[in-house]
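These come from TrEMBL:
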- B:12-31: transmembrane segment (TRANSMEM)
- B:38-59: transmembrane segment (TRANSMEM)
- B:65-85: transmembrane segment (TRANSMEM)
- B:94-115: transmembrane segment (TRANSMEM)
- B:155-175: transmembrane segment (TRANSMEM)
- B:209-226: transmembrane segment (TRANSMEM)
- B:232-255: transmembrane segment (TRANSMEM)
- B:262-287: transmembrane segment (TRANSMEM)
- B:293-310: transmembrane segment (TRANSMEM)
Ligand SMILES: Nc1ncnc2c1ncn2[C@@H]1O[C@H](COP(=O)(O)OP(=O)(O)O)[C@@H](O)[C@H]1O
Ligand SMILES: [Mg+2]
């Protein structure tokens, strides 16, 4: 990687455009989709957590998946990555049908994920965490593992790659510490760096910024942007609209399990369905900032949103009356 | 009170076949619990399968000693598969419940009179020594000094046991320092994270269960090698004693289980000799010699509790590396 960008003065990088075909509606076809999902449904008892008719994720672009808490974003991630089984539906990744495939096989195909609740392996060192991420390790077979001469060379290569990535994520000074000793934000970084060790084609990040100290946020954003430059595809869940607007090329909005809107970030933010989706959930923090309940910085997107919020006040009141 | 005799018995217990058997089983539990995080509460069954597999194949089917050992090992591999395939997809606590139940089933199968012809039911099995002893390279006679004076057969069993133990410790060390071991430790920490990195977690857990199970079976064989197979040995408390030895030494270490077993048996032998002697000379007037044998096991329980509370990493463990009270 080049060192063209310094975290102090982020360069606004160019957005990828022209990702879709035809009119922008929820479920619009993409020019070059990496994931195509059809009829995915997942219910928990009586609750329909995910009910997506059709969605396509564009290749080599950064797609943000947004929506209020409980919209089904994490559940959709779990389904797409094989950590959960849908009641119905099929989907392909890079042309491979993934329905019914176990999580480890999905990951081997190059679709790796991180978790909303960070999973750093606490009692492994930071470097061991990283090495674990590498694919196709000879020494991971129990018999070959007993003969170090078979895997030493590969191990050295993996370690070299891990150190480069750790430097990039500013974790190199910690490489021999237990991951348990890292701060919450550093663990998020480690989890992401570890996922990159597997040289994936699609990186799925579930709330990568949650709990990350603001000083680290900018560098994390830069890392995500770098992934695209390196030819990867990114799908990430995020609540902070400022960040979404800053880095996403495409935004997909979920509410109550469905895809209610999608499009390029500036267009989606103005979309009625998006505002409705967010107003449908009173727990959302960004909404708190928008409506002034919580102190926070209003960016242009939020100001736009705030104005529309006011206009919609009457609308909400009516909704509440009808008991929805 | 014969202090010398007490000390001699204690010294002798340090390299007794029972101690070596425990050490092997504890190495198995280090694999299962210490490194992989699998709470196997059925180690006694692996030991029983090893011992019975060995004895039955010799007594009923006329196998040579090494054939009997292979049967014991094969049996433990099959048992690991039967136990693991349905349960390893479940979370940890279920495995503990299922293994404890499965171990009881195995014990009762060996105990029932239905298979008396093969298992000897409540009497157990004995008289299978000829083949093993016929391979003894040591000439007849008595060797050693002090507490460690044994005849040729006594040494043959001990030397063989120590060799097997050394091999098992080497294998455990070799696999745990490899990338395979890294995956295993990752599974102990968070199996979903490991799965997300493309590792077949189920297969690794099964391999761990099988490897540790083979160590347990060899432990059962060495335990039974010099004397007999007694169904009263393979009870659930055997599993707890092996856990005590493991935790004493350090669950996520290679030498911890061995040192733990040696200390466990040393202390057990010391107490079982010392307490009755103290009762006899009137130092412990409130108990009988029979009661003093029970007190021994109460002390084991108390020691296990204190260990878990105050030194969960064991003697050799690194406090940071394994505190199972997370
Ligand atoms: N394992 C589960 N069991 C029952 N309900 C669940 C489970 N996982 C998620 N849900 C429910 O599904 C809905 C969607 O959850 P989730 O996908 O976590 O939302 P998001 O990530 O968008 O905040 C929520 O109502 C949640 O309570
Ligand atoms: Mg979520």
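The backbone N, Cα and C atoms fix where each Cβ goes, glycine too.
TrEMBL entries are annotated by machine, without manual review.
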Region pair the transmembrane segment (B:232-255) / the transmembrane segment (B:65-85), three or more CB pairs under 8 Å: no
Tertiary contacts of the transmembrane segment (B:12-31), as residues 6+ beyond its ends and Cβ separation under 8 Å: 40, 43, 46-47, 147-148, 157-158, 161-162, 164-165, 168-169, 172, 208, 211-216, 218-226, 241-243, 245-246, 249, 251-254, 256-258, 260-262, 264-266, 268-269
Folded-back contacts onto the transmembrane segment (B:262-287), same chain, C-beta under 8 angstroms, at least six residues removed: 1-2, 5-6, 9-10, 12-14, 16, 18-19, 22-23, 241, 244-245, 248-249, 293, 295-296, 299-300, 315
Cβ-Cβ under 8 Å with the transmembrane segment (B:65-85): same-chain residues at least 6 beyond its ends: 42, 45-46, 49-58, 98-99, 102, 106, 128, 131-132, 135, 205-206, 209-210, 213-214, 216-218, 220-221
Spatial neighbours of the transmembrane segment (B:155-175) far in sequence, C-beta under 8 Å, 6+ residues away: 15-17, 20-21, 23-24, 27, 30-31, 132-133, 136-138, 143-144, 181, 184, 211, 215, 218, 222, 225-226, 254-255, 258
Tertiary contacts of the transmembrane segment (B:209-226) (same chain, 6+ residues out, Cβ under 8 Å): 17-18, 20-32, 36, 38, 40, 43, 46-51, 53-55, 68-69, 72-73, 75-77, 79-81, 83-84, 88, 129, 132, 153-154, 157, 160-161, 164-165, 168, 171-172, 175, 233-234
